[in-house]
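Below is one structure, written out as structure tokens, with a few remarks after it.
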Amino acid sequence: MGRSGMNATAGVPIFEVGLLFLFFYFYAPEIICLSLTGVLQVANRQMGSMAFFTHHFCRGLSSSAVRSAVIKHVTIIGGGQMGAGIAQVAAATGHSVTLVDTCEDILKKAVKGIEGSLKRVVKKKYADKPEAGEEFIQKVLQNVSTSTDAGSAAQGSDLVLEAIVENLKIKQDLFGHLDKLAPAHTIFASNTSSLPISDIASSTDRQDRFGGLHFFNPVPMMKLVEVIGTSATSQETFDALFNFSKELGKTPVSCKDTPGFIVNRLLVPYIMEAIRLHERGECFCHGSKEDIDIAMKLGAGYPMGPFELSDYVGLDTMKFIMDGWSAKDPDNLLFTPSELLNKLVAEGKYGKKTGEGFYKYK
């Protein structure tokens, strides 16, 4: 599937929880070639045609590598909820998966979580065939291996996908390290929902083989995947990521490398405006957070209100996104920070995961 208008610029943690789920369910040699081309052009303008040839020859080599590679061996960096969910759907569709994290205990917990999720699937899908269900579980688990050595895992992968902490430098350092170890054909991708893919890819020499794959949580249930290409992402790479998403049984959509891509760009401002409405309501009677949640559930048909959703997402995550977007576009009123949100985060009240956010859960 081709991309239209993919030559976009950057965007700004992740919604490690599936925003769309909560909304509707509860309801790389390339850069070297570019540099070489630039040097030739500056050195001698009369050799422009040679520079052009060099650039496209190099890109052709990398594109051919991607075109001939079938994504069968996948390395997923990050054994959290997102990483484990992606590992599950990839393994369930016949892919060989290596799940990587820094700690064996995290990996054991991730595999246990995958097994538990598969049992829930089997309970519904194989209700009358328990033996077939158990066989399915074992078959999927056999496709999953774990490792604490990302470099070693990347050496045998067709795709390396990270789902780690939403920190640009950490992601850049990870891919910069793996870029030196992964085979030439290996595609790199990030599961970020807010950081610019182009900024993450800048730490590598395979920017033509770098893209975004933004899944939604819980991954086994959520059908959507946002596939993001940068101005440097080759068409072959984008197509490979798009087709891989389809192989997982997902519905991919093409996105530009802009803040929040599609879903978060629409959803986060909605949540923030609800928070501001509540802030103003303390003085002008615009309603309590409970009123606002009820109004959106009963009036708009949403499964959760914006404050319930914020607590589920994580207020620290909300603040991180808004801080990043506000820094990039300080004049955009949609990205105006919230004093109430900042106060709750400063107090360590992140939402459901800490037991208290806008609501109390203990």
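Any Cβ shown, glycine's included, is placed from N, Cα and C.
Taken straight from TrEMBL:
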DOMAIN    73-258  domain '3-hydroxyacyl-CoA dehydrogenase NAD binding'
BINDING   Gly78, Gly79, Gly80, Gln81, Met82, Gly83, Asp101, Glu166, Lys171, Ser193, Asn217, Lys353  NAD(+) binding site
SITE      His214  site 'Important for catalytic activity'
DOMAIN    260-361  domain '3-hydroxyacyl-CoA dehydrogenase C-terminal'
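Its own atom aside, the Cβ of Asn217 (NAD(+) binding site) has 23 Cβ atoms within 10 angstroms in the protein chains shown.
The distance from the Cα of Lys171 (NAD(+) binding site) to the Cα of His214 (site 'Important for catalytic activity') comes to 15 Å. The Cα atom of His214 (site 'Important for catalytic activity') lies nearest to that of Met82, taking the binding-site residues Gly78, Gly80, Met82, Asp101 as the candidates. Of the recorded positions Lys171, His214, His214 has the largest number of other Cβ atoms within 10 Å of its own Cβ.
Of all Cβ atoms in the shown protein chains, 27 besides its own fall within 10 Å of the Cβ of Met82 (NAD(+) binding site). Around Gly78 (NAD(+) binding site), a 10 Å sphere centred on its CB holds 26 further CB atoms from the protein chains shown. Taken together, the residues in the domain '3-hydroxyacyl-CoA dehydrogenase NAD binding' (73-258) have a mean pLDDT of 97 on the 0 to 100 scale. Gly80 (NAD(+) binding site) is surrounded by 18 other CB atoms, counting those within 10 A of its CB over all protein chains shown.
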